[in-house]
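A short write-up of the structure that comes next.
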Amino acid sequence: MSLLTQIFGSRNQRLLKQYQKTVREINALEPALEQLSDEALKAKTPEFKERLAKGEDIDKLLPEAFAVCREASKRILKMRHFDVQLIGGMALHYGKIAEMGTGEGKTLMATLPAYLNALAAKGVHVVTVNDYLAQRDAEWMSTLYGWLGLTTGINLSQIDHEAKQTAYNADITYGTNNEFGFDYLRDNMVYDTGDRVQRGLHYAIVDEVDSILIDEARTPLIISGQAENHTDLYHKINEVPPLLSLQIGEETPDGKGKIEVPGDYTKDEKSHQVLLTEAGHEKAEQILTRMGLLPEGASLYDAANITLIHHLYAALRAHTLYHKDQHYVVQNGEVVIVDEFTGRLMTGRRWSEGLHQAVEAKEHVKIQNENQTLASITFQNYFRMYSKLSGMTGTADTEAYEFQEIYKLETVVIPPNRPSQRKDRQDQVYKSSDEKYGAMLKDIQDCYERGQPVLVGTTSIENSELLSGILTKAKLPHNVLNAKQHAREAEIIAQAGRPKAITIATNMAGRGTDIVLGGNVAKQVQIIEANDALSDADKAAQAQKLREEWQSLHDHVVNAGGLHIIGTERHESRRVDNQLRGRSGRQGDPGSSRFYLSLDDALLRIFAGDRVRAIMDRLKMPEGEPIEAGIVSRSIESAQRKVEARNFDIRKQLLEYDDVANDQRKVIYQQRNELLETTDVSEMITSLRQGVFSDLFRTYVPEQSMEEQWDLPGLDAVLRDEWKLDFSLAKVLEAEPTITDEEMLERLLKFTDDVYAEKIEIVGKEAFAGFERSVMLQAVDSHWREHLAALDHLRQGIHLRGYAQKNPKQEYKREAFELFGQMLNLIKDEVVKIVMTVRIQSREEIDAAEEQLSQSHVENVHYQHADFDADAAPEELLAPTAVASEANQTQVNALPKVGRNDPCPCGSGKKYKQCHGRLA
């Protein structure tokens, strides 16, 4: 501890001291509030709302609001917030993370800042890890909020659209992180503002914040669906690879080297890559032109042909790198992948990027539709959009640096209401897994005989089943949880504190439910009270009997030493180990914990195995004897720190790459929202039209060029064939030989204005405006989807730029910016082309066209929170594939509005109006 810390206290101590002053203010208000009638106490809510509306600072309202919420809780829930819960509530209100031990009442604590911030009428989101906890907490606390005059909503995955809108319009909304995220993305895919469900991202309280913002930060949400059908294209492209030859290296006559025999493509089986040579490009372009797939004189690398080259490379890989009965088999008319490591069939799995469809075309079986990412976001970027973010958990301090670095969230460690009596014993390390499990069995048997409940934490379902088999063989009754059935697991966890209870749980199972020593009597009392067959007197008598029995069981467990925690191996994160330990010793209860390890455990084997084995050999440890020493524990902790640091780097790198897409996402979503809220887009269309035709004109009539350099016949042909415009600039020049290029451009723009005006006259301005808006939305959506796929392809190979002495991140940022600019140009061209070439005779036709455009062109939409393996491919982790996700939409004003003259958020240094703002 430094001298300054000794004198002034740590940052945490200073904050707690500051909060204690406010606690004294809140406590001073309690006697007066106790004297108020229920009606007078309820009247405080509208009074607070009125004061906020008149401009009073919400922070100044905190002591009174917290005091009112606590008094209401005493009357309604029969629970009074402890002083430490008031401190935790303050930390949450000020946008910090409150670390509170298990059983300290985080759910009740969250009611304080939720009530205070809901008074602003902008919505409060309480985020949990699963639907069961969201529903449980919402139903439990809605009685309190309702009594105080606030509404509560529950945002579950299975509810319908109207129910979602109702949930979000409530003052306080409970839901899961996945559902909030998916709703955000869905809201940015609607074609009518009335279809949105979210109303803005004002304030979020994230429960189990370490699990959501750290453990799940590497696994973005994805909305995907089946893209448009390219079956014919796959079949046609499939004819190209057999016409191309492989470039090979033949030995020189002296046998000392190799010379390249020219060919059309090269292949690298090690990296599973195939590349066209210069000659191969030309040959492929000629073949595709003959097939009618590539326009005469066009290049495969033109922006318009990005899909074509993608399909061509997929077909080449299918023909040259993927072989039947080695990489896949054809079974019942389907291509089934073979696992290259185990040789097993991977039914249901499909290669991505169109490769699977290319193999299906090669084998002449039915081609399944390609999946396409529709929208994506990471939790890191979603939660950072809230105006104010806070979180609570039992274990955050070990990750405090990451919370501060990534989310700008400070961690405040809240002291327990009663000091912990849990005894954390030294780890015991055995040479083999068999010895370790044998020692664990003895420990469990000893606890069982003494009536002490045991919770065994495992790192995987496989280990849970292994241990369950050992206990079954030893005839020890037990329960197994593996984090799948949330409602049932909460029930089992609630009774895991009964005498002789043995519960095996994977690390995450049962989080959010307290283990009460002696069992959870409240659950059993609820069942009795819900039994209509019993009279009130019988209910009261049975409930009293249950409570007396519980007291006896509780005392028995306390005398036996409280809940005993056994860890079967160390997790790579100290935080997860601390979560397991934290299940015991709640609210000052006694308890104990111990980890049993072996040199076969993954963490020890990789990081500390040799060192510990050397110590055991030197000490000549007999079979079955453990080593229990500080040096071993320190080695393990050091290993965990290394893994944590590596995982932090991975998440930080992921965020740096995703920030590029995030900046572009903000621009697209902001412009899309502006489109949705604009009834008349004719000015925007006019601006786009003039830009497109000016660019087209300058392609054939360059600025400051001589008349001899003009290609007016070529321009006339394009206007006639592509744009269906009966207008000849060659004839204009012939009639007026002295006309300038600027004047000709004006004539062209005037003609396009007249054509546009005629279309509006036929169907009416209002009807045509609706059609134009639908055209723009459809163009933005389809090109944004293709752009996401292009970013995905770019990111997958960007780490290879490092071999060329280039910075992959800078290259990714530069190329992503170029792709974004190309996408905006494609959107402009498509919108103008559709609006100018559409042939309409009546209003009915235009209404039908608008309806068709508003329908999604993507079917079978899927929502997924993709699994991510940190150890799968270290190189790719630093330039990871884009994983998409679904997330809720923010209100337009929830994203910072970019002014036309402000710097563009893409980082180019240009003004927004000259960069990504040019679409608008």
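Each residue, glycine too, has its Cβ placed from N, Cα and C.
Remember, predicted model here, so these are calculated numbers, not experimental data.
The feature ATP binding site is assigned by Swiss-Prot to Gln85, Gly103, Glu104, Gly105, Lys106, Thr107, Asp514. A helical conformation is recorded for Thr107 (ATP binding site) in the three-state DSSP classification. With a cut-off of 8 Å between CB atoms and residues at least 6 apart in sequence, the same chain places Asp137, Trp140, Met141, Asp207 near Thr107 (ATP binding site), listed in sequence order.
Taken from Swiss-Prot, the feature Zn(2+) binding site applies to Cys904, Cys906, Cys915, His916, supported by sequence analysis.
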If you count Cβ atoms within 10 Å of each one, which of the binding-site residues Gly103, Glu104, Gly105 comes out on top?
Glu104
Once Gln85, Gly103, Glu104, Gly105, Lys106, Thr107, Asp514 are set aside, which residues in the chain still have Cβ within 8 Å of the Cβ centroid of the ATP site?
Met100, Thr102, Leu108, Met109
CB contacts for Lys106 (ATP binding site) [other CB atoms within 10 A, all chains]:
24
Least buried by Cβ count (within 10 Å) of the binding-site residues Gln85, Asp514:
Asp514
For Gln85 (ATP binding site), which DSSP three-state class applies?
helix
